[in-house]
Amino acid sequence: MGGRLGPLTIVLLGMLMRLPLDLLYNIRLLRKNIGFVVICVLMIGSGIALCIGLYTIGDNLGTKAMPFPNGDKFLRVMAVDESTSSGNTRSLDPYLFEKLKESAQSFQTFGAEQDFTASFSDGDVATRYFADRLSPEILQATGVVPILGRNLLPSDDSAQAPAVVVISHALWQNYYIGRDDIIGIDSRINGSTYTVVGVMPEGFAYPIFHHAWLPLKLENNPEPGGQSGITVTAVLKQGVNVETARAEIDSLLQQQGERLPEYYGQLGGRLSQCCSMVDGDSSVINTLFSTLSIALLLLVSLNVANLILVRTNQRLHEFSIRSALGASRRQLIIAILQDSLLICLLGALLGIVLADLGLAYINSAVTVAISSFGELPFWFNFDWELSTIIMTLLMVLAIWLLSAGLAIWKILRQDLAITLAGGKSGATDNRNGFGTATMVSIEIIFSFFLLVFCGVLVGTSLDLADTKYGTSTEGYLTGQVFLDTDSYDNPAARELYRSNLHRELVGLEGIEKISFTSDLPSLSRIRRAYDLEDFDVRIDNEYPRQRIIQIAQNYFDTMDVPLRAGRIFESTDVIDSEQVVIIDEVFAKKIWPDAEDPNQMALGKRIRLSPEAEAEKWLTIVGVTAQILQAYALEGSSESAFFLPYSQPCCIGSSWQPISIVLKVTGDPYDFERKCAELLKKYGWDAITTKKSGDQGADIIAIKNGKSVAIQCKLHSKPVGNKAVQEALSGKLFNSVGYAAVVASNGFTYSAKQLAQKTDV
């Protein structure tokens, strides 16, 4: 029995015997050249892994269809100012929206949206979620049916309809602890009461990472030229392409421009894929990452082709003998293709393994990177998709054919009889040297291109790490408050809220200073056109735009921003007094570069915001400060800003804007979090403290072996209660991690332990 072959061995031997002799021969040759095989496999594997990573990143950041039926037909509709050279885009105001909705025939759905941050405050716990007010037809057009209750209905957006809300599965599970009677309960959202009428399926978070949907109730018969504040979303009809729809929007906007030139003159239409994370034309992202992937693929193919060509040169004498014995050129070409195919398949297997690990790492890294301001968009997918698999197969095919192509080209052009006569070393001519030199030159060009790109990425990363914001960054806590626009619809009500909040916070232990702003450093959103009195600032007949920040009187003092000239805002700067503005030194130097002291020169000059609206008031420059970087860090240090006092809300419709709170605290508020993170690192966790504004219930994001945890750290003198557990659940939802945990210095209350046990915290 010991000498007999088993059934499996017999099957394997039979399969091997059926393999072509050339393939078996190539396998034996490759076994004798392990070093050559290892180099090729490593090169192909790493190249495929990098290409898959680049493709996946570009696919997610660029124009990607929504993951539901007709998701590729969802479009954003905007207007373009064709009178300017830059072609600035602008949202449609309610009047234009209504007119386009009445006339447009290219769309099966034409609706509006207005995203905001919703503060759910049922009971003792308040938690923020991204929410979306939208036309009910848009939510219905997704084709996604609620798992509980009903969807929003067209009748819900009337002014007389009851206030209702549809919530996400994650919000239901984390905030409401999955309660069975969720449908019909009343919930307080931004201070107002709404009835929960539906729960959407797990994973649905249209349009990006939103978890509550409310009907958008626009005013009836809006006036032309009103403030926008809405985003228009349309769904194409079957059989209608984007160009046809854009042409129709163009025509309709031109008609409105002819009727109302003072509001809508020279407007054109722009349609873009919904809903990219990148502002503007997201096709640039696709082009960039596609170009990088192709360049990397060609570089890998050329390097492998060069190695296989060298190997073919070594086998020329062998091929000459086989040709003399009757082998056709076709048989020799098949032998080269088999040789290359074996190497490519091994490289592809390695590439798939490396890509799988890389995609998991990218998913974790991106999750942590955006945890400070949001969660992963619900359509992001850093796992294997059908398109990724097809792209991988095409890459393997391309590498195989390109890498074998040069060797085949050489065999087709080589006179094998002369090679045989020339001896073992073979006979070559000058053309071989020229071809090799050309290929090496191309490799150098592609390598240089990739090195330059990597250098730019490294330089950008270093610049981001060394960003100077113009303010102190240590010893501050920040947060945001989103006020209900119905209860706080005027400046006086919002000012009263800020005063009351300041009064409550100022007495808390450890708080040294308190201030308020509309936009924290590097997070500015609003830009307005401006004009200078007695100074033409227009470029190509277009007014430049500037970032507008509203601040409290003590903001510069709280943020330790030095004053270069003039004064800061004072209590006498009220609605009925002279309207004032503070600029920064970057703007002063840009406008008055030849002045001996641009900062002093700026004092007393007058600025008008939105100069196209003749009724806007002039603002007098009363102060010049050091620059605060209000733009995103990637936009560089040349961006300047205008600062307006909250006490003079003259030029910005700000009822929808959040209030950012700045607390200057004594000591280091993050010491306990850092100690917890250091302890986790000792046990092999990749722990990162979320030291930025709005940690959303997660002081630490910890990752180990594919597991991710949002951790709340509570340095309290007493046991912490249910609120800490619910904050941890909010952190789990907001940061899209698998687990939630709470660490407390003095333990937990009994009810908190019960809640944690029920919710797996």
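Note: Cβ is positioned from N, Cα and C throughout, glycine not excepted.
Per TrEMBL, the features are:
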| type | residues | note |
| --- | --- | --- |
| TRANSMEM | 6-27 | transmembrane segment |
| TRANSMEM | 34-57 | transmembrane segment |
| DOMAIN | 39-251 | domain 'MacB-like periplasmic core' |
| TRANSMEM | 288-310 | transmembrane segment |
| DOMAIN | 292-415 | domain 'ABC3 transporter permease C-terminal' |
| TRANSMEM | 331-354 | transmembrane segment |
| TRANSMEM | 389-412 | transmembrane segment |
| TRANSMEM | 432-458 | transmembrane segment |
| DOMAIN | 540-648 | domain 'MacB-like periplasmic core' |
| DOMAIN | 668-758 | domain 'Restriction endonuclease type IV Mrr' |
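Contact check: the domain 'ABC3 transporter permease C-terminal' (292-415) against the domain 'MacB-like periplasmic core' (540-648) gives fewer than three Cβ pairs closer than 8 Å, residues 6 or more apart, which falls short of the contact criterion. Residues 289-290, 292-293, 296-297, 299-300, 303-304, 307-308, 311, 343-344, 346-355, 358-359, 362, 382, 388, 391-392, 395-396, 399 of the same chain, all 6+ positions outside the transmembrane segment (34-57), place their C-beta atoms under 8 angstroms from a C-beta of that stretch. Helix, strand and coil content of the domain 'MacB-like periplasmic core' (540-648), in residues and according to DSSP, is 19 helix, 34 strand, 56 coil. Here the domain 'MacB-like periplasmic core' (39-251) has a mean pLDDT of 87 out of 100.
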